[in-house]
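Notes follow once the structure below has been shown.
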Amino acid sequence: MDYFPMIFSLLFVAFHGAPETVVLGAELSTESEQGGEQPSPSPPWRPRRSKRCSCSSLMDKECVYFCHLDIIWVNTPEHVVPYGLGSPLRSRRSLKNSFPTKAADHRNRCRCASQKDKKCWNFCQAGKGLRLQDTMEKDWNNQKKGKDCSKLGDKCIHQQLVEGRKIRRLEAISNSIKTSFHIAKLKAELYREKKVTHNGTH
C-alpha cells in the first residue's frame, strides 16, 4: 500500500500551521521583554467551515462533497484525501447533541447539523435506501423462486402478494435514489469543469 499521499497531506497540514506558531512565539518573547505590562492579544479569528452534516464514512465521496461544502479534494488511486479536516476549531456540542435522537438512526448515511434542512434530511435518509438494496435484491430472488402455496393455502398466497408489492415499492425507491445520485454526480462534474475553465481564463 502506498502511504506517500497520506504522509504528504499530513506534512502539508502540519507545516501549514507552523507560521502561526512562530508568530505567537514572537509575540510571547516581546511581551516578556516589556515586562508583561500589556494584556495578551486575543487569538486570531478563524472563519468557521460551513458543515451541513457529518458523514458516517469519509470514504463516501458524494456524502463528503454534500456535507463539507468547501473542502479541497485530492484524488489518489486508493481513495479521496481531504485537506485540513482538523484545522478549524470545533464548537462545543451540547448534551442533547451527544445523544442520538429518536429520528436519527445509526444506519443513516449522515447526520444533519440542522433538523430543519429538508434537503440534507432527504439526502441522509437516502443512504438507508441504498443499504436496503442488497436485502431487496435477495428478497426479489426469493420471490422469483417462490414458495409452493398449493399445500399451504390462502394465507401463503396473500403473504406472497404482500411481499411482492413491498419489493416492487422498494425497487421503485432504489431506482429514484440511483437517478438522483446520477444527477448529483453530473452536477458535481459540471461544477468542476466550470471551476477549471474559470481558473484557466484568469
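Each residue, glycine too, has its Cβ placed from N, Cα and C.
Keep in mind that this is a model prediction, so the values were computed, not measured.
Here Swiss-Prot flags 1-25 as signal peptide. Positions annotated as region 'Disordered' by Swiss-Prot: 28-49. The annotation disulfide bond is assigned in Swiss-Prot to Cys53-Cys67, Cys55-Cys63. If you look up Swiss-Prot, you'll see 110-124 marked as region 'Endothelin-like'.
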Cα separation, Cys55 (disulfide bond) to Cys67 (disulfide bond) (Å, whole number): 7
Cys67 (disulfide bond): secondary structure state under DSSP, collapsed to three categories: helix
Alpha-carbon spacing, Cys53 (disulfide bond) to Cys63 (disulfide bond), which is rounded to whole Å: 9
Set of same-chain residues at least 6 away whose C-beta sits under 8 angstroms from Cys55 (disulfide bond): Cys63, Val64, Cys67, Arg109, Cys110
Cβ atoms near Cys53 (disulfide bond) (within 10 Å, other residues, all chains): 22
Where Cys53 (disulfide bond) falls in three-state DSSP terms: strand
Greatest C-beta neighbour count within 10 angstroms, which of the disulfide-bonded residues Cys63, Cys67: Cys67
Arithmetic mean of per-residue pLDDT over the region 'Endothelin-like' (110-124): 85
Three-state composition of the region 'Endothelin-like' (110-124), taking helix and strand from DSSP: 7 helix, 3 strand, 5 coil
